[in-house]
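Look at TrEMBL and you will find 487-593 tagged as domain 'TMC'. Feature annotation from TrEMBL assigns transmembrane segment to 202-229, 292-312, 382-406, 418-441, 453-476, 496-521, 598-620, 670-690.
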Amino acid sequence: SSTTLRILANMPSRTIGRSRGAIIAQYYNRTARLRCRNSRPPLQQLNCSARPSLRQYDLETDPIRATLEDKRSLLVKELLSLSPSQRSHMLLTVPLSLSEKSALRKELSGQRDPLRQRSYHQAASSPCGGFKDHIVLVRSAQRLLGAPVQAPAPVPTRLRLLQGCRGLWYRLLSRLAAAHPWHYALKQIGGRFGSSVLSYFLFLKTLLMFNFFSLLILLVFVVALQAAYPPALASPQPFTGLELLTGAGHFTQSLLYYGYYSNTTLNNRCTSSPGGSKCPLAAPRLPYNMPLAYVFSVGVSFVVTCILLVYSMSRSFGESYRVGSSTGDVAVKVFCAWDFKVVQRRSVKLQCENICTQLKELLAEKRSRCRSRSLCQCLRHCTVLLLAWVLSLGTVLGCVLAVHYFSGHMHTQQQEAILLVLPLVVSFLNALMPHLYNVLAVWEKQESPVAQLYVAMCRNLIMKMVVLALLCYQWLSRRVACSTEECWETCVGQELYRFVVMDFIFTLLDTLFGELVWRLILEKRLKRKQKPEFDIARNVLELIYGQTLTWLGILFAPLLPAVQTLKLLLLFYIKKTSLMQNCQSPSKPWQASHMSTVFITLLCFPSFLGASIFLSYAIWSARPSETCGPFRGMETIYESGKTWVQLLEKSNPNITWFTWAHQHLVENSFILFFMAGVLLAVIYFNIQVVRGQRRIIRLLREQIANEGEDKTFLIQKLHSVYEQRER
């Protein structure tokens, strides 16, 4: 009612002189009300629960004085008191139309003093633009007056260059966000299919970054230098084309695998002869030890990947579990989500789809929280879940037995085409089992899409990790199809290459038959307008599985990250095209606010941790091949570091401190356990701090809700008092 609005208008927080933003907001509300007078009801007809705003300030002022011109002059005076940078920022952020902003700028520029106006004009123009405007002004003045006019003193060249560089830097910063890889494609996917499908493509982009850094380190310090100093090997086999699938044949003696790399100093000028070794007087200044570079490059790539993983996980955790839950996000999306800077028709349509999808996700999440079950329904649901888990674990056991059977028969075969049988069987099982788990999910009838996704990912992850653990055990126990003259490390690298290639082929086949062919069957044969949904759990687990294979093979095939990078690039465009043409939005919209964190966590602990354990055992305990590779003739790969430290100590006795540091800091296992304990303690304290912050946030939310109830109670009391006085 008008009485309540009059009370609210007299509150101290609603006073017009409190802030500059209040003046601008009142001016904007006044103009918006005049613009929408025909469609908007008067304020006296609004409900009592309507949120008060600054437009009620007119009720206590004189309508003759409170005109639009007075408020406009008040706004201009307030803006004139600001600095030029604050004034421009205020005009950019104020919610006014472009014509009103332009009129305000003209009025402000006319009332500014000449010195400030000249400096503002010089700061806003580029170096070439200022010089050009200077010439145009001089010529126009000469043409109008008919006489030569003395031009004002030009701006110094250094100042113009500085201003131009600063303007160019600001323009580059403003366009930096749009220069990110697949910027518009990701916005299009998120607007059309929601944050759940978008999380898959963001995860693929993160994996691409990991592989790029690993490939860069290995390419610079190992592959490029070995290519510059190739070893003397036998003539390679002819290329037949089958090597692209098997990785053997012509690729065996290449930079792709471990056995090609030498165990000597690459730029050493000493040459061996029957009479002994001959070395020139000018020895190389920077000898490059390939075994040491090989093991250190692999170690550094893993350390960099670990740092990037921890950073990505912490950043994703901070974004996912930020202040509070999504209880008030609906109002924020409705009233504050639109970007008024968007003017293109295509961008406007994309933003509309994005906001609509986000509202569907929020409403579906709230609706799922309100449902409840009876005791009988809970017991029946738990029984179904138990049976489904028993069936899923039974299928995992069957897959492990099948892989063990095929791998046992593969060790006696040496034909190149038969080498594809084991990767074919494993990839077929990885493609078949997710569909069986989807059938179990339909039987379980999970109401929450998030819970359904977590269950599917857990089952797929158990199956893939158990099969990979069995394969790693067989690789480290030398149970690979390899001839006696070949390196077992090269054979393991070829096996992992075949697994990566076969996984990519089955991903393409699943995309073709599971999305394209199924859409055509639904549309042409069954005459339905329904399209298949994008299976997030299966596709994400395929990415984690492929990345795990890459990390497992980085020691045995240094160029395997290049193969994985090419695979991820092709997968992005293939999956995006198939998603746009063959898939539909999720039938149950849901908000994937925590999915990126879950994906990074699964990539870190089962995948990266398992690969680190596998490679640590291969470096510290496994015996290298005797005839090939950079570590031939050594007991372990780790021994190369100890040998290099001993040679360094013998060549220069002044650096005995380095030997002491290596012995007590690197070889001593207590330091590793101490660092691991410190890391776990830091993680534990951070978790406790986050829990405490979330608890404080929950208490503050309760306090805000209580204060809102108090305000409602006080407003009702004031309203009753004013009504009694009027009566």
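Placement of Cβ uses the backbone N, Cα and C atoms for every residue, glycine included.
Any TrEMBL annotation is an automated prediction that lacks curation.
The transmembrane segment (292-312) makes no contact with the transmembrane segment (670-690): fewer than 3 of their CB pairs lie within 8 A, with pairs spaced 6 or more apart in sequence. A Cβ distance under 8 Å defines the sequence-distant neighbours of the transmembrane segment (202-229), meaning residues of its chain 6+ beyond its ends; these are 181-182, 186, 255, 260-262, 266-267, 288, 290, 293-294, 296-298, 300-301, 304-305, 308-309, 312, 540, 543, 547, 550, 554, 558-559, 561-562, 564-565, 568-569, 571-572, 575, 596, 599-600, 603. Between the transmembrane segment (418-441) and the transmembrane segment (598-620) there are fewer than 3 Cβ pairs closer than 8 Å, counting only residues 6 or more apart in sequence, so the two stretches are not in contact. When pLDDT values are averaged over the domain 'TMC' (487-593), the model yields 89. Per DSSP, the secondary structure of the domain 'TMC' (487-593) breaks down as 78 helix, 2 strand, 27 coil.
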